[in-house]
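I have placed the structure first, in the form of structure tokens, so that the comments after it can refer back to it.
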Amino acid sequence: MYNLLKGKKGIIFGALDQNSIAWKVAERAHEEGAEFVLTNAPIALRMGQLNELAEKTGSQVIPADATSMEDLTSLVEKSMEILGGKLDFVLHSIGMSVNVRKGKHYTDPNYDFTTKGWDVSAVSFHKTMNVLYNKQAMNEWGSIVALTYMAAQRVFPDYNDMADNKAYLESIARSFGYFFGRDHKVRVNTISQSPTVTTAGSGVKGFDGFLAYAEKMSPLGNATALECADYTISLFSDLTKKVTLQNLFHDGGFSNMGVSDAVMERFTEE
Ligand code: NAI
């Protein structure tokens, strides 16, 4: 361990169970010397195992529905009280599509579900940054990261309306990131992660095929949740101070591939 986050304070959204990317980020942040508050939706706290992670990392848990300005305001206020000052890092690791959950096809969604999905998956990031920005809750040279997927740029049919939600999320990172950089010297980026076996990931139809295909296409293979956590730590550290407004692919090279030998072999078998 490198003490990369020594003395830094933050909030980590979205750890549900040991598979969650946010869970790994919390473990790694703790190892690197950070102090933080863990948060998730009240319903997820009842289902999940977040207390176990809190104990392990010496953190407190504050429930917050990331679509509620009231919950987010109270979360940020309480976190600053608990941690004794402003924040250096925030991880947004939240995604959910009701259309996916209910098996609605992309071409004929329920638009109330569509609205709920973009509120949870994208606008929640805007709301979080609204509270952090207007309460001046971030220290200078702080870092805000959200997790995204390449379906924001390219077609992955079974990703359904999450593709649109991710495009929205990435745009919010750039647009809000401008004001955060200009006014508070805070950076805002998204990490576009490989398909990863988690509760949210496995909800995507045909996920196993998806995972195997990406593995065969990527020269370095799929990035794991732990590797995603390591990359996130680097973005929270002082080693990446001038990286902002970026969508950063963390995918073993997948996003720049056309075809690989391993995939071609499948199509040239006699
Ligand atoms: P996960 O299911 O462990 O995490 C999703 C989290 O969102 C859960 O903790 C859930 O409780 C939380 N959440 C849902 N609604 C919420 C609300 N209203 N308020 C607060 N929290 C809420 O799955 P995973 O994979 O760790 O997801 C984390 C992020 O990574 C998501 O943004 C996801 O889209 C993204 N991602 C995942 C990939 C994958 O293949 N698993 C690939 C690329 C990005």
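Including glycine, each Cβ sits where the backbone N, Cα and C put it.
Remember, TrEMBL labels are computer predictions, not curated facts.
Feature annotation from TrEMBL assigns active site, proton acceptor to Tyr149, Tyr159. The NAD(+) binding site feature in TrEMBL is assigned to Gly14, Ser20, Ile21, Ile94, Lys166.
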For ligand 1, the recorded positions of Gly14, Ser20, Tyr159, Lys166 whose CB is under 6 Å from one of its atoms are Gly14, Ser20
Widest Cα pair spacing in Å over the listed NAD(+) contacts Gly14, Ser20, Ile21, Ile94, Lys166 is 18
In all the protein chains shown, the tally of other Cβ atoms within 10 Å of the Cβ of Ser20 (NAD(+) binding site) is 26
Here the 10 Å Cβ neighbour count for Ile94 (NAD(+) binding site) comes out at 25
Return the count of C-beta atoms lying within 10 angstroms of the C-beta of Ile21 (NAD(+) binding site), excluding that atom itself. 26
